[in-house]
Amino acid sequence: MSGTPVGVDNTSRRKFDKEEYLERARQREQREKDEARKGKERGPPVQRQPLKHRDYEVDLDSRLGKTQVVTPIAPLNQQAGYYCSVCECVVKDSANYLDHINGKKHQRALGMSMRVERASLEQVQKRFEALKKRKDPSAFTEQDLDERIMKQQQEEEERKRQRKEKKKEKKREQAAQHEPEDVDPDIAAMMGFGGFGSSKK
């Protein structure tokens, strides 16, 4: 046996090829520049309109409580759930449908950004004027309020009276059903009662 130990000599310092790593760094920088140029070649970003009010009513109640046969080969607009024709997707319930039509993806498909246009002072004043014109100031007076209150009280009293009459009618019917017909009225009067029904009438 010789006097040298068997194994790997890992006591020396590892040496790197600096030229090789410099070349790799240059290639990586060149790739990043090329990718940045490709991104710029896509064109300017699309200018989207600010959000605006919906000009239609969202229909959530038309299919409420109705049954529908669902087949796997049916087109999207005839499947179960709410169909969005803009995004061409089906949403299963009304809450998710509302989230979808108010969401970023749907608004982008409509050509709108999620930013709201800032209103100027003139726009706000015009809006107030339009609302004042739409609202008729002579439409409501204190007399109208008093008349409405009186009318409502009369209707409530009429309902109470009708309920009392219905209760009395039911009691009469029940008393007539429970009263035996084979009892002689003379004997019942002699014994001190008019019938075997309840004493309340």
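Any Cβ shown, glycine's included, is placed from N, Cα and C.
Annotated in TrEMBL:
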REGION    1-59  region 'Disordered'
COMPBIAS  11-43  compositional bias 'Basic and acidic residues'
DOMAIN    79-113  domain 'U1-type'
REGION    132-201  region 'Disordered'
COMPBIAS  146-160  compositional bias 'Basic and acidic residues'
COMPBIAS  161-170  compositional bias 'Basic residues'
COMPBIAS  171-180  compositional bias 'Basic and acidic residues'
COMPBIAS  192-201  compositional bias 'Gly residues'
Helix, strand and coil counts within the compositional bias 'Basic and acidic residues' (171-180) (DSSP): 8 helix, 0 strand, 2 coil
Secondary structure content of the compositional bias 'Basic residues' (161-170), with strand meaning DSSP E or B: 10 helix, 0 strand, 0 coil
Predicted model, mean pLDDT over the domain 'U1-type' (79-113): 89
